[in-house]
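Peer 1: Per TrEMBL, the feature Zn(2+) binding site maps to His172, Asp173, His176, Glu188.
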Amino acid sequence: MNRSRQLTVLSRHFLQTPNVRIFSRSLTSLGGLGDQEHRKPSKKLYETHVPISGIERTVLTAASAVTALNDPLRGDMVATLGETTGRLFLSRMRDQMLESSVGRRILRERPIINTRTLDFDELKRTCAPGTFGQIYVSWLEDQGVTPDTRCDVKFVDDEELAYVIKRYREIHDFFHTLTGLGVTVEEEIALKWFEWAQTGLPMTMLASMFGPLRMSWPERRRLYTNYVPWALQCGASCTPLMNVYFEEHFHTPLDEFRKQLGVTLPPYHSFHNQ
């Protein structure tokens, strides 16, 4: 089977997956204004919460979906869409965490990842070369990114689920460190496929399916033939990363940490710098 035929079959397969069907139901269900779940909360449930009514949620979902479809790498709109459509999947992620002793501890202790809670100078001094912490800090510096850039959670009408999506956003850079992927368009989309396999979140599906439209045909072919199979296999088979207390593994050799979690590196090509 030639590569063009492979891509056609692959595209048809993913458009029929349960995640896509559930995502569609999630969008349409937001119009049920009589549903208690979508009524405007009477008060803020957490510090950054913005209570909105059912109709406001529907309008916000539609607006963020249109913007995110036009630019799947528009982080703020993808984040908003994730909050307004992801309740089912966030509940599943929370339940998965509750099944793990480490996940339960994370939900209980609620660690936060930013430059105020992590001592990066200390990590630089104490993490030996090749450890998860040393490579994580080096990756942040090399890519010119910081953990302080994550969007606040605003539209999740459940305080615990709001923390779940906050944690998911904050450990995103750890995913980059584990997989060796950078922040180019190709690498970010490859990682979104990995995250879709891990979480099922509609926003990861959106970026996975529509992000490649911004790429050239050779780039899309490379993505689908090399990276998507790796992302789906690795994302589905490795340890659920929401159940990993990453902050306790900064001094673990990265190769050893990957083996513990069952994370394999993606195939090498020009945009992957091991």
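Glycine is no exception: its Cβ is also placed from the backbone N, Cα and C atoms.
Fair warning: this is a prediction, and the values are worked out from it, not measured in the lab.
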Peer 1: Just to verify: the residue among His172, His176 with the fewest other Cβ atoms within 10 Å, which of the binding-site residues is it?
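Peer 2: Each of the binding-site residues His172, His176 was scored; lowest Cβ tally within 10 Å is His172.
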Peer 1: Among all the protein chains here, how many other CB atoms are within 10 A of the CB of Asp173 (Zn(2+) binding site)?
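Peer 2: Result for Asp173 (Zn(2+) binding site): 21 other Cβ atoms within 10 Å.
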Peer 1: How many neighbouring Cβ atoms, not counting its own, are there within 10 Å of the Cβ of Glu188 (Zn(2+) binding site)?
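Peer 2: Result for Glu188 (Zn(2+) binding site): 18 neighbouring Cβ atoms inside 10 Å.
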Peer 1: Whose Cβ lies within 8 Å of the mean position of the Cβ atoms of His172, Asp173, His176, Glu188, the Zn(2+) site, other than those residues?
Peer 2: Val145, Phe174, Phe175, Leu181, Val183, Leu191
